Amino acid sequence: MVCSTALLYVLRRLKIISFTNSEPSVPSDALFFVPFRILLRTTPLSLAYLLYMLASMESVRGVNVPMYTTLRRTTVVFTMIMEYFLAKQKHTPPIIGSVALIVFGAFVAGARDLSFDARGYAIVFVANITTAVYLATINRIGKSSGLNSFGLMWCNGLVCGPSVLFLTYIQGDLKRTVEFPYLYSPGFQVVLLFSCMLAFLLNYTIFWNTILNSALTQSMCGNLKDFFTVGIGWVLFGGLPFDLLNVIGQGLGFLGSGLYAYCKIKGKVRAICSCIWERNFGRMVLIT
């Protein structure tokens with residue numbers, strides 16, 4: 001978070017990027033680069049991010065990896081519900097069907113690993129809820145505040161940075177980090193730098209995709225990445241045991257994601273054609 005905020009500061013100071021869709025009349029030497037009232041408006045996003053981050057970190061410890069992956073794919077359902085409550089957004093039956101297909105495929109893929117753990121399951125579902133709230137908040141505040149992806153990341157870093165630093169201090173993580181024996185090792189610092197760069201790109205694409213499309217679309221993309229993760233893992237590491245149920249479940253999840261993408265593209269094409277038709281028809285009526 002420190003690296004991301006510092007990078008954004010340098011890029012904004014050099015005027016390579018802006019933090020808003022239409023740059024407001026904020027002096028270039030302003031403390032926050034954005035009006036303070038807009039910074040306060042992003043506070044719910046920062047709170048949602050903190051809850052999402054803490055719940056996601058904790059949920060990994062509660063269950064095994066296959067079951068974690070299975071349960072995390074149900075995030076799309078929570079996201080759909082959260083979009084309805086926060087934005088009153090309703091979805092068509094094909095969209096709902098594609099979500100159901102993804103969830104069904106997830107449970108098929110993890111059918112052999114359904115080792116019930118009440119606490120572990122509860123934490124994963126809490127992580128799903130916080131993820132849905134986080135994505136829905138990005139979409140809502142991104143469209144209402146006038147900030148672009150860089151601006152949201154900047155405000156999120158300013159608010160969350162001190163909070164996370166305080167948490168790491170009281171939990172002792174900060175002390176353990178300072179005492180890490182390889183902290184000043186060039187190899188470790190290079191790897192850490194690349195990790196920070198990847199985290200920056202990941203957060204930027206999440207903000208960008210969620211604002212440009214929707215929270216549900218971002219959840220779908222999160223599920224779609226598992227297809228590439230499995231494929232890349234198979235090619236790079238090999239030796240993975242073949243499980244027919246897992247392959248079928250992964251295939252159903254990929255099919256559901258593809259169906260969702262098809263429905264969204266078809267809907268946008270239909271909307272564009274309808275707009276063109278109404279515009280041309282209106283001109284014909286005017287000429288007549």
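Any Cβ shown, glycine's included, is placed from N, Cα and C.
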### Query
So which range, 26-43, 224-241, 242-259, gets flagged transmembrane segment in TrEMBL?
224-241
### Query
Short question: which residues 6 or more past the ends of the transmembrane segment (190-212) have a Cβ under 8 Å from it?
3-4, 7, 135, 138-139, 142-143, 148-150, 152-153, 218, 221
